[in-house]
Each structure stands twice: as structure tokens, then as C-alpha cells.
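Taking it in order: structure first as C-alpha cells, then the write-up.
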Amino acid sequence: MSQNSLRLVEDKSVDKSKALEAALSQIERSFGKGSIMKLGSNENVVEIETVSTGSLGLDIALGIGGLPKGRIIEIYGPESSGKTTLALQTIAESQKKGGICAFVDAEHALDPVYARKLGVDLQNLLISQPDTGEQALEITDTLVRSGAVDVLVVDSVAALTPRAEIEGEMGDSLPGMQARLMSQALRKLTASISKSNCMVIFINQIRMKIGVMFGSPETTTGGNALKFYASVRLDIRRIGSVKEREEVVGNQTRVKVVKNKMAPPFKQVEFDIMYGEGVSKTGELVDLGVKAGIVEKSGAWFSYNSQRLGQGRENAKTFLRDNPDLAREIELALRQNAGLIADRFLQNGGPDADDGDAAAEM
């Protein structure tokens with residue numbers, strides 16, 4: 001390459017850097033300092049602050065140790081699958097760390113007694129039971145903009161009824177009104193949520209699309225906007241019952257990470273939700289321990305470091321409940337092997353892994 005060509009390339013690079021500096025200074029003058037920066041210049045930008053879901057397995061499956069703050073989360077599934085329970089457990093975990101939490105109860109169905117059993121501090125939980133969808137989303141926007149709330153739950157998107165629908169007649173057809181309401185609200189909320197580092201969890205219900213020949217006919221309410229804006233989407237399903245003799249004492253639950261902007265998606269985890277107790281932590285220790293090879297299973301017997309935990313899963317759970325020090329030791333070992341466990345979750349997942357189950361549940 002000739003000297004003239006080299007000089008031309010150098011001049012161009014100098015011109016580009018000068019033009020970039022001028023553009024950056026103009027943006028900062030117009031919109032304030034910090035309105036634009038190099039991503040690596042602020043180390044805090046890279047770090048992701050999380051809140052535990054109350055389930056060790058789900059925290060591992062999410063890839064970052066919990067649900068991310070400053071993001072929109074969607075939890076959806078059929079009725080009585082554990083959506084509100086999972087949201088309340090996340091609130092309880094945030095409160096344990098001193099977080100301020102709010103619950104927008106659009107369904108008017110929150111049970112304070114059950115919330116207390118899950119570990120929620122009712123004295124410090126902000127609750128609103130709005131009359132209309134507009135009111136619910138305006139309250140959500142105000143709380144997020146305050147910058148003082150750490151976790152905010154909206155239960156549920158399906159119950160966010162537009163004012164026009166409430167004031168209208170019982171048979172009026174107002175197509176797309178709820179979807180437009182959600183789309184506008186999320187456009188307003190998304191920047192505030194990021195700046196305030198507040199996690200907003202939307203609980204959603206599922207509906208059936210009519211005339212679908214191929215693929216799953218299931219869809220969520222409130223249009224497509226929430227699917228795009230959510231950083232994490234969790235599909236929660238009841239897959240069986242937990243019994244003590246003949247009495248049903250809980251649900252076997254499967255959660256699939258359908259969307260995850262923070263880590264690889266499509267991982268799924270199974271755990272027990274016990275009535276009046278929430279996620280069974282001891283049950284998770286047994287199941288995850290076996291999956292990671294930390295807890296040995298020989299026939300019906302479970303053992304850890306040559307110490308027998310019990311014959312049968314329920315007896316092993318009871319033993320760990322009565323020996324919290326041993327349970328903590330197993331939990332620590334599981335957290336150290338989180339990467340191995342997450343890989344095994346992914347082997348059972350995949351975008352189409354649940355099609356058969358979804359069809360079976362319809």
C-alpha cells in the first residue's frame with residue numbers, strides 16, 4: 001500500500017473519532033450526562049442482581065441464580081398450577097433481604113393467611129385492589145417510578161379489565177382493547193423498570209385458540225406485547241399429586257423456562273408445592289441431589305456420604321426436615337455443582353419437549 005493510501009486511511013479514522021466525540025458531547029448536552037456511554041465503562045451495568053424464586057432447582061435452571069431485577073417477568077399456566085404461589089415466594093425471598101414489595105391484586109383473590117404461611121411479611125407488603133385495568137397499570141407505573149419498590153406483582157393480566165368494558169353492557173364486544181391497554185402500558189413501563197431496578201412480575205392465564213390444526217392451541221391473554229417485553233417467561237404446570245397415604249397434601253409441579261434473555265432458555269425443573277407450605281425445599285434437595293450424584297439412591301433407599309436418609313422419598317424428606325444442618329450441607333454441595341445440574345435440566349428441555357404434555361393436559 002502506498003504512503004498516500006495509508007495517510008488517507010489515517011485521516012478517515014481521525015475524522016471518525018472526532019465525529020463520534022462531537023456526536024457524544026451533543027447527545028450529553030441535549031439529554032444529560034450518562035445518556036450515552038460505552039458499555040464496559042460502567043462495571044455495574046454488567047452485573048445482574050437477582051431475587052431467588054424460593055426454589056433451588058428453578059434458580060439453577062434460570063442460569064443466574066434467580067429472577068433478574070430491573071426486568072419484566074411473565075409467569076403463566078393453567079388454573080391452580082402454582083403461579084401466585086411462585087410469585088409470593090419470590091416476594092418472601094426479597095423481603096428477607098430487606099426489599100420493599102407490592103402486590104396489585106386485580107383478581108381480588110389474595111389470601112393473606114396463605115401468603116403468611118409462605119413467609120410473606122404482611123406488615124410490609126403493599127397491596128392494591130384496583131377497579132379497572134387502567135387504574136391497576138397507573139398504580140404500577142407510579143410505584144415503579146418511585147424507585148423504592150424492589151418487586152411488584154400484577155395478578156393477573158387477564159383480570160386487567162378496561163374501563164370501557166366495565167362501564168359498557170354485559171354483552172358488548174370490544175375486540176383488542178385489553179391488548180392495546182397492555183401494549184401502551186408496557187411501552188411506558190419498560191424504561192422506568194430498568195432505571196428503578198424494580199422487578200415486575202405479571203401473572204397470566206392461558207386460553208385456547210380456535211381452529212388450530214397444528215402445534216399447541218394455547219395462548220396467553222393480553223396480546224403479544226408482554227411476550228416481547230418480558231425478559232423471562234415461565235410456564236408452570238401441575239403434573240401430579242403428592243400423597244400421604246390416601247390424602248393429597250401437595251402438587252407435583254413442572255416449570256419450564258420458555259424465554260430467557262439472561263441465560264440459555266428451555267430448561268425445565270420439577271418440584272413439589274405442598275399445601276400451606278409452598279415449595280418443598282427438602283424434596284428439591286433429594287431430587288437435585290440424585291440428579292447431581294450427591295445423594296445416592298439404591299433401590300428405595302437414599303443416602304448421603306454413607307449416611308442413610310430414609311427408605312422412600314417422603315421418609316428422606318422427613319429426615320432432612322428434622323436435620324437442618326445436613327440439609328444445609330447438601331444445599332451447599334448442590335450450589336457448587338449448579339453448572340452440572342443446569343446442563344442436565346437442558347437435556348430434558350428443548351423448545352418442543354412439552355408438546356405431548358401440553359396436548360395431554362387439554
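Note: Cβ is positioned from N, Cα and C throughout, glycine not excepted.
Secondary structure at Thr84 (ATP binding site), taken from DSSP and collapsed to helix, strand or coil, is helix. When Cβ atoms from all protein chains are considered, those within 10 Å of Thr84 (ATP binding site) total 23, not counting its own. As annotated by Swiss-Prot, ATP binding site applies to Gly77, Pro78, Glu79, Ser80, Ser81, Gly82, Lys83, Thr84, with the evidence given as sequence analysis.
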Using a 10 Å cut-off, grab the number of neighbouring Cβ atoms around the Cβ of Gly77 (ATP binding site), all chains included.
25
Reduced to three states, what secondary structure does DSSP give Glu79 (ATP binding site)?
coil
List, in sequence order, the residues of the same chain other than Gly77, Pro78, Glu79, Ser80, Ser81, Gly82, Lys83, Thr84 whose Cβ lies within 8 Å of the centroid of the Cβ atoms of the recorded ATP site.
Ile236, Arg238
Any idea which of the binding-site residues Pro78, Gly82 has the thinnest Cβ neighbourhood at 10 Å?
Pro78
